[in-house]
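Step one of this worksheet: look at the structure below.
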Amino acid sequence: MASRFPKFSQGLSQDPTTRRIWFGIATAHDFESHDDMTEERLYQKIFASHFGQLAIIFLWTSGNLFHVAWQGNFEAWGQDPLHVRPIAHAIWDPHFGQPAVEAFTRGGASGPVNIAYSGVYQWWYTIGLRTNQDLYNGALFLVILSSISLIAGWLHLQPKWKPKVSWFKNAESRLNHHLSGLFGVSSLAWTGHLVHVAIPESRGEHVRWDNFLTKLPHPEGLGPFFAGQWNIYAQNVDSSNHAFGTSQGAGTAILTFIGGFHPQTQSLWLTDIAHHHLAIAVVFIIAGHMYRTNFGIGHSIKEILETHTPPGGRLGRGHKGLYDTINNSLHFQLGLALASLGVITSLVAQHMYSLPPYAFLAQDFTTQAALYTHHQYIAGFIMTGAFAHGAIFFIRDYNPEQNKDNVLARMLEHKEAIISHLSWASLFLGFHTLGLYVHNDVMLAFGTPEKQILIEPIFAQWIQSAHGKALYGFDVLLSSTNNPAFNAGQSIWLPGWLDAINNNSNSLFLTIGPGDFLVHHAIALGLHTTTLILVKGALDARGSKLMPDKKEFGYSFPCDGPGRGGTCDISAWDAFYLAVFWMLNTIGWVTFYWHWKHITLWQGNAAQFNESSTYLMGWLRDYLWLNSSQLINGYNPFGMNSLSVWAWMFLFGHLVWATGFMFLISWRGYWQELIETLAWAHERTPLANLVRWKDKPVALSIVQARLVGLAHFSVGYIFTYAAFLIASTSGKFG
């Protein structure tokens, strides 16, 4: 009996119903709840699993390199990045016969292929890779790293190599190692690669293992470094007519502060990027020497926190007790890490298009759209996860005794004020924004567009002007020619910035108007509402006004309607579940806005966005409906085209999304009855009744059904929009 799944829970493995399987899957990664789990084993299991995670990442990136080298057209693309379409991989078995083979044979390939919209071609080209052999070398190196990671994971589960809990809880050593070792040294190594390999390659000089010790990255070598004349490395930059990948118009500078974009590739200057990574390396290597470990010098985080009591007693005992609370709670640490990573991922989305780091990325519109959307969705899921683990921290790890009257306890004590303020902000944003959209919609419908309420975003325009955008005529800071900052900028720092910000061919500080003002506030509504649900779920996780003592209920009990006095106010899991819908909703608005604004910009008809984005029908008709026309046309009576796969995915995405509602809007008793009817019929049907099962079938629990519904809703929603985004963009721009 002991061998039944799940092995980690005796109680669950003896459950006679199908609940055993579902609960087993649900709690497989909740190591804390497993039988015989000690704190030490918990830390060791998580530590070892990190190596498995790394192995998967290395294997996946290796696969990207390998398939492009084997089936792609990297070398041909490098000869003409603007006109050759990059191939991701071949399609072995294109369905629907000869028309499909013809539709998907493109990019100079001999058979059907998929086009790459991930930006890897641009990235590899920028960092100095040029041949398929380079790609194969990279793939092999990553497979070796992957194997080493797997071995390391296995090794750290062996008795001799298992770290002790005290090692995991040594915060200072870990910070030093992560700051100096991981961030600092890896940034320094990346600077080295850019200076020794990528920058020479961008100037037509091929540096590889056979010559990298003999080719100087700078004609002066290390002389200026030791002489303290570092400015020599910034002299003689690439000229504005530099042809990327050749010596034509190339300079010799390696660390610069030019600002703006390389005129041909429309991407940041490689020498600026190298300079940036060197600065990061210096800062982080210094930061990683700040904390006290074996030598008795440096900061102790615990001492800093204990001493940090704000003046005037306004925050009670300040940060006392926080060190142990955080250091002993994996959920708190995970929550902090996810919050940071979520913000960083969203910043990647924002900067990837506005300051494109890779050569020719800015001219590959579909890839830009795909990268923006991808990173925003990832950010949304990571951020909601931060609050989920924050809530679990309050239920499982928070000790009121240890945190008496410190900042954490005071957060809980005035949670009503926090929640009501967020609620007020959400209501204000929601009613006013919707009110403006609906008013404008009605005015358009009644044929009086001049009666719309159109608000210019003057504060945002002022901020753009302060950064140097001259269009609005504000004449302030960098947009004022008399300003000292303006004059310094011409020569000392970032001389290319003002050209870039006032050039309409890039996405830096896009011109904004009333449509942007409205959608900005719609997005603000989404962000505040998502935050409200998440913050309330976490702050009310242990107890709320309706149910002050819910700690023992755990994290994932359901809100199950009006029974027991109404429990919808009190489940932390339910708050997370509702917040994910709002998160998806918000990111929908964000990506719709980004995409529509950009396709009108790229097509040279920005007026369409400006005029149609101020009322609801404009969004529905001129963005969604108009841009889905090619998609719905992937198959037609005349055969098929290369968008057909996206047309199919668009339909399939809607199907998956709609299936979600079957689980979301359902009554558990109905399912139980249906299951028992099916089981009864099965047992009485000849032949079918030869197959028996041991577990009694029971309906999913409320929480499980919600999770399954949410998963279908999310996956279907993302599939549908991904297909729409890629097809509508690639259909227009090839």
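Residue numbers in this text run from 1 along the chain shown.
For all residues, glycine too, the Cβ spot is worked out from N, Cα and C.
A quick note: this is a predicted structure, and the numbers were derived from the prediction, not measured.
Listed in Swiss-Prot for this protein:
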- 46-69: transmembrane segment (TRANSMEM)
- 135-158: transmembrane segment (TRANSMEM)
- 175-199: transmembrane segment (TRANSMEM)
- 273-291: transmembrane segment (TRANSMEM)
- 330-353: transmembrane segment (TRANSMEM)
- 369-395: transmembrane segment (TRANSMEM)
- 417-439: transmembrane segment (TRANSMEM)
- 517-535: transmembrane segment (TRANSMEM)
- Cys559, Cys568: [4Fe-4S] cluster binding site (BINDING)
- 575-596: transmembrane segment (TRANSMEM)
- 643-665: transmembrane segment (TRANSMEM)
- His654: chlorophyll a B1 binding site (BINDING)
- Met662, Tyr670: chlorophyll a B3 binding site (BINDING)
- Trp671: phylloquinone binding site (BINDING)
- 707-727: transmembrane segment (TRANSMEM)
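The number of other Cβ atoms within 10 Å of the Cβ belonging to Trp671 (phylloquinone binding site), over all protein chains shown, comes to 17. If you take the C-beta of the residue listed as 'chlorophyll a B1 binding site' and look for same-chain residues 6 or more apart in sequence within under 8 angstroms, you find Gly716, Thr720. With a threshold of 8 Å between CB atoms, the same-chain residues lying at least 6 positions outside the transmembrane segment (330-353) that come near it are 42-43, 46, 361-362, 368, 371-376, 378-380, 382-383, 385-387, 389-390, 392-393, 396-397, 507, 594, 598.
Here Met662 (chlorophyll a B3 binding site) comes close to Gly709: these same-chain residues lie at least six apart in sequence, with C-beta atoms under 8 angstroms from its C-beta. Of the recorded residues, Tyr670 (chlorophyll a B3 binding site) and Cys559 ([4Fe-4S] cluster binding site) place their C-alpha atoms 18 Å from one another.
Residues 44-45, 47-52, 54-56, 58-59, 61-63, 65-66, 68-69, 74, 124, 129 of the same chain sit 6 or more residues outside the transmembrane segment (135-158) yet have a Cβ under 8 Å from a Cβ within it. Neighbour counts were taken at the CB atom with a 10 A radius for the binding-site residues Cys559, Tyr670; the maximum falls on Cys559. Counting in whole angstrom, Cys559 ([4Fe-4S] cluster binding site) lies 18 from the residue listed as 'phylloquinone binding site' by their C-alpha atoms.
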